[in-house]
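Asker: I have a structure I would like to understand better, so I am pasting it below and will then ask my questions one at a time.
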Amino acid sequence: MNNLKHFRKFSTFLDSPKPPLQIPVNLVTSKQRNLAPIPLPHRTISDPKGQDLDFINVAHSHLIHSDWSKLDSLSTGLTTFRVKHILLKIQKDYVLSLEFFKWVEVKNPNSNTLENHSIVLHVLTKNKKFKSAELILRKLLESGSVDFPAKLFEAILLSYRMCDSSPRVFDSLFKCHAHLKKFRNASDTFCSMKQYGFVPNVESCNAFMSSLLKLNRIDVALGFYKEMRRSRISPNVYTFNMVMSAFCKSGNLEKAVEVLREMENISLKPTVVSYNTLIAGHCNRGLLSVATKLKSVMEKNGVHPDSVTYNTLIHGLCKEGKIHEANKLFSETMRTGVAPNVVTYNTLINAYSQAGNSEMGSRFFEEMANDGLKADILTYNALILGLCKEGKTKKAAFLVKELDKLNLVPNSSTFSALISGQCARKNPDRAFQLYKSMVRGGCHPNKPTLTLLASTFIKNEDYDGAMGVLKEMLERSIAPDLDMLTEISSTFLRCGREGTIIKLLQEIEARRLMPEGFDKTTMISSTD
């Protein structure tokens, strides 16, 4: 019912005429409009005299003539004051400035103070050598030689007018903090920039938002986006795509769709990534009808679906058990010239395997090979699972042998599939041997695998075997299921092995792994 309601609302939203873009009245408050930026400070430095002046003139002469051997002989005479004046003297030549800065780093690193770093940063950013500037910033920030990033901002600020610099110097600092995932420092830099009338460009803001989203800091990323808009920083397509992704991850699909409309209202054409983001967001929520309509909308707007579009929709359909529809979409990729890739085939093979149709899975596997695509461990895991679900453990074992020939390493999913196959054949002892091999191979079993193994022992009325699995679960801090623990406990109590089960229950309690709803006291007293 909720899906239908969302679809109707979405359809109305897409089909309705586009209203003019409304700028919220609170985008820039009156206080912000009237707040004048702080005037830039202007630091002056004393002129060199005497020996300092002589040293600077001689060093400058050697520099402009690229006479580094003579310059080397002067390295012992370097001071912070002299280095600063030489840098200011050659600042119009960014190549020479960088060479000299690096030379000082080797010959007398103590002479390259924070102020001298800032001069080189001004020179490089003014000449649009942003990568070189970021390398210097990154090295400086990662070295820990700057106690507080505010000191670095202050050094850059104080030397700004002296170097007749560009606002991009602060932009580089902001972006560097973002790339280093120093979010607090980036935020502080952003606020300090605004105080002096500077704002970072949209690419730097995108770098900050991207770093936030990679660490799943969705609320912070969306909060920063609002601050971008308040600061009159115009977003680009990449910004909007990230905002849509953030809304989709937070489950606010209606807001994500509104962002798409906003892009169109300001004459930014959504890309295939824009639509793929929305399609993935709706597929993840099971809203396949909306996701399918989005594909139609993108085609109508002249944006061609790519392999990601089809893979996302095929995966969404398979997840909902709609394999027939997924297969039809797969056929469409062939007609439209979008070549299916390994992900496409793996999704369909896995879907058919989960549905217990290993024959169809094998057909897709053959088709995949005919298309010249190389199967990976996920392909084989899906095939092995399908065979094991049908109890065809010998065929599954044959595929496992093939892994060695292909230099593919079995993982936890491979072993879990094999274990499930033996459990399907009611052979828990063999399954437990596979479990032991799995552990020896460095793979980690999950709760469903161990639960299946224990329940198979219980079905075979091998309660000692089930107890062994239960102990393995406790060793891995995996809580047993309520039904499993109840059945094992009641059986051991009926057999007069009260001491064994009480000891086990005490251990479960001590590890805080007791399943909700299990009452140890009632269980034990019920056998009295």
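Glycine too: its Cβ is placed from the backbone N, Cα and C atoms.
Pulled the feature table from TrEMBL, pasting it below:
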REPEAT    166-200  repeat 'PPR'
REPEAT    201-235  repeat 'PPR'
REPEAT    236-270  repeat 'PPR'
REPEAT    271-305  repeat 'PPR'
REPEAT    306-340  repeat 'PPR'
REPEAT    341-375  repeat 'PPR'
REPEAT    376-410  repeat 'PPR'
REPEAT    411-445  repeat 'PPR'
REPEAT    446-480  repeat 'PPR'
Asker: For the repeat 'PPR' (306-340), provide the mean pLDDT of the predicted model.
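Answerer: Computed over the repeat 'PPR' (306-340), the mean pLDDT is 94 on the 0 to 100 scale.
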Asker: Let's see if you can do this one: DSSP helix, strand and coil counts over the repeat 'PPR' (446-480), in that order.
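Answerer: Taking the repeat 'PPR' (446-480) as a whole: 26 helix, 0 strand, 9 coil.
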Asker: Within the repeat 'PPR' (306-340), count helix residues (DSSP H, G, I), strand residues (E, B) and coil residues, in that order.
Answerer: 27 helix, 0 strand, 8 coil
Asker: Which bits of the chain, at least 6 residues beyond where the repeat 'PPR' (341-375) starts or stops, bring a Cβ under 8 A of a Cβ in it?
Answerer: 307, 310-311, 314-315, 318, 321, 323, 326-327, 330, 333, 382-383, 385-387, 389-390, 392, 406
Asker: DSSP helix, strand and coil counts for the repeat 'PPR' (271-305)?
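Answerer: Counting residues by DSSP class gives 26 helix, 0 strand, 9 coil.
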Asker: Other than its close neighbours in sequence, what residues sit by the repeat 'PPR' (446-480), given a CB gap under 8 Å and a spacing of at least six beyond its ends?
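Answerer: Residues 412, 415-416, 419-420, 423, 426, 428-429, 431-432, 435, 487-488, 491-492, 495, 500, 504, 507-508, 511, 513-515 contact the repeat 'PPR' (446-480) from elsewhere in the chain.
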